[in-house]
Amino acid sequence: MSVKHIITLTNRQGMQIKLSNWGATWLSCIIPVGEEKRELLLGCQSFEQYQQQDAYLGATIGRYANRIANAQIDIAGKHYQLTANQGVNQLHGGKQGFDKQLWKIESQSNQQIVFSLISPDGDQGYPGELKVTASYTLTDDNQVNIEYYANTSKCTPVNLTNHAYFNLDGETENILAHSLKVNADYYLPVDATGIPGNDLVNVTEGDMDLRQLRVIANNLLTSSARKITGGYDHAYLLDKSKSVAAQLVSSDKKVTMDVTTSYPALQVYTGNFLAHTPNRHNGQYANFAGVALEAQFLPDSPHHPTWPQPSCFLEPEQTYHQQICYQFFINQ
């Protein structure tokens, strides 16, 4: 199937999301806020712009989300050179990651769409044929549930996520006045290329504590950890004793979004390099126009098997299954 489609899901509350089989991408998220129909998701005006932009707006990310150092992995004594697309490292699955693939529409209804993709053995350097499904379900209580399933013919690392950027104020300039909470005691410091070191660090070090609602702009560029990345671009190891992984609140306090997930970690990215990304209105986004809350395995996990999380490697006898839920609440 070579045709790009737009699919619209609508619930009984009047919430509407749009998706595309191009990159199994989440294009739009509109919710009634009083008399206003508020767009909560960053997006482009055309498919051509989606194909040209490099911010991964709303896309499904794979085979491995986030970074792999030196674009190489070793499995059972065998070395695999992956395609590098950010210096010597691989980011978000390589030059032709899942975000740049045309997915098949397996099924659709008014409130659910299921996409599938077959990633061949050797795709971007990864071993094994990987068969993937990604489903989006819009519930009547304003949840967007994303579920991933995958099976492989050979052992391979798998880390699928969605790269939606949220601005709960609507299409305003930035998210700096939003408040963010992440239930995590530890995070991963990174170097200037986004590659983590060996050790998780307590969030109290480096002023990275998001365990209470915190205005994003608060000391944004004063901490040494955030100076390196120009804002938040860090993975947090989630406290799995808490049901909610993260919470985001609009600056006008009218919209709250809760994030729940089966994944062990959450990448918080405040759109530090969004400048010049095309928007829906013949213009361009500025830095900090949206925040991405990407549930996933910790970055560069193939090189850190002792980190306190499940293995990111999928074996042929296993089925990969992960879930991410974004639920929206209107505070009138």
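Placement of Cβ uses the backbone N, Cα and C atoms for every residue, glycine included.
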Additional site residue, Asp121, Asp207, Asp209, Asp233 [criterion: listed by TrEMBL with Asn66, Arg67, His163, Ala164, Tyr165 for beta-D-galactose]: Asp233
Distance from Glu294 (active site, proton acceptor) back to His163 (beta-D-galactose binding site), taken between C-alpha atoms, in Å: 6
Greatest C-beta neighbour count within 10 angstroms, which of the recorded positions Asp233, Glu294: Glu294
Rounded to the nearest Å - Cα separation of Glu294 (active site, proton acceptor) and Ala164 (beta-D-galactose binding site): 8
